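Chemist: Got a structure for you, questions after.
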Amino acid sequence: MLEKVKKIFRESAEVKLAFVELYAQQIVDVAGIIATALKDGNKVLLFGNGGSAADAQHIAAELVGRFKKERRPLPAIALTTDTSILTALGNDYGFETIFERQVEALCMPGDVAIGITTSGNSENVIRGLKKAHDLGATTIAFTGRNGGKVAQIAHYTFIVPSYETQRIQECHITLGHVLCELVEEMVCERS
């Protein structure tokens, strides 16, 4: 068991190191886009299913609260938290619409929409990002495996080079933390 534990940690680290080699510059670029949007009075909308929903909520909390520095709250909304909205939309319009309809209600031109899906093929995430794109938001996808359908529709896509859901999710939350740290730094230096 001890060797298994070490192997799992090594695999997690290796995936993250491979990921950062592929995406370091894009991470900086996307952080700048998010910081500029927030500085300009726009907001970040985040969504996903299951563990990806938890990541969306976690990232939103870091932006609205604080990550490392005391600063003004930054407007970010996880579209995964209101059970009345989620169940009403799921019941009345179908589960595939639960993010699309919220995006239609809340998204404005200049906002940033982050859709998180380990497979890249979650229909509700795809539809949410498409709607955000149509409404003039910058769209960002966190995904894995081969990128899935979501890789074809987002302005910026981060594809974790793994086919294991847990490794993809571990990398997604690390990416979220890195973006929060960079965005916070950029917003504070620009204030």
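Cβ atoms here come from the backbone N, Cα and C positions, even for glycine.
The substrate binding site annotation in Swiss-Prot covers Asn49, Gly50, Gly51, Glu62, Asn91, Asp92, Thr117, Thr118, Ser119, Ser122, Gln169. Marked as Zn(2+) binding site by Swiss-Prot: His58, Glu62, Gln169, His177. The domain 'SIS' annotation in Swiss-Prot covers 34-191 and rests on sequence analysis.
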Chemist: Using a 10 Å cut-off on CB atoms, tell me which of the binding-site residues Asn91, Thr117, Ser119, Gln169 is the least crowded.
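Modeler: Least crowded of the binding-site residues Asn91, Thr117, Ser119, Gln169, by Cβ count within 10 Å, is Asn91.
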Chemist: Measuring Cα to Cα, tell me the gap between Gln169 (substrate binding site) and His58 (Zn(2+) binding site) in whole angstrom.
Modeler: 12
Chemist: So, in DSSP terms, is Asn49 (substrate binding site) helix, strand, or coil?
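Modeler: The residue in question, Asn49 (substrate binding site), is coil (DSSP, three-state).
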Chemist: How would DSSP class Glu62 (Zn(2+) binding site) in three states?
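Modeler: Going by the DSSP assignment, Glu62 (Zn(2+) binding site) falls within a helical segment, counted as helix.
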Chemist: Given the binding-site residues Asn49, Gly51, Ser119, find the one whose Cα is closest in space to the Cα of His177 (Zn(2+) binding site).
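Modeler: It is Gly51, whose Cα lies nearest.
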Chemist: How many whole Å apart are the CA atoms of Gly51 (substrate binding site) and His58 (Zn(2+) binding site)?
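Modeler: Gly51 (substrate binding site) to His58 (Zn(2+) binding site), Cα-Cα distance: 10 Å.
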Chemist: Under a three-state reading of DSSP, tell me whether Thr117 (substrate binding site) is helix, strand or coil.
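Modeler: Where Thr117 (substrate binding site) sits, the three-state DSSP reduction gives coil.
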Chemist: Including all protein chains displayed, how many Cβ atoms other than that of Asn49 (substrate binding site) lie within 10 Å of its Cβ?
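Modeler: The answer is 20.
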Chemist: Distance check, please: Cα of Ser119 (substrate binding site) against Cα of Glu62 (Zn(2+) binding site), rounded to an integer number of angstrom.
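Modeler: It is 25 Å, counting Cα to Cα.
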Chemist: I'd like the number of other C-beta atoms within 10 A of the C-beta of Glu62 (Zn(2+) binding site), please.
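Modeler: A count of 20.
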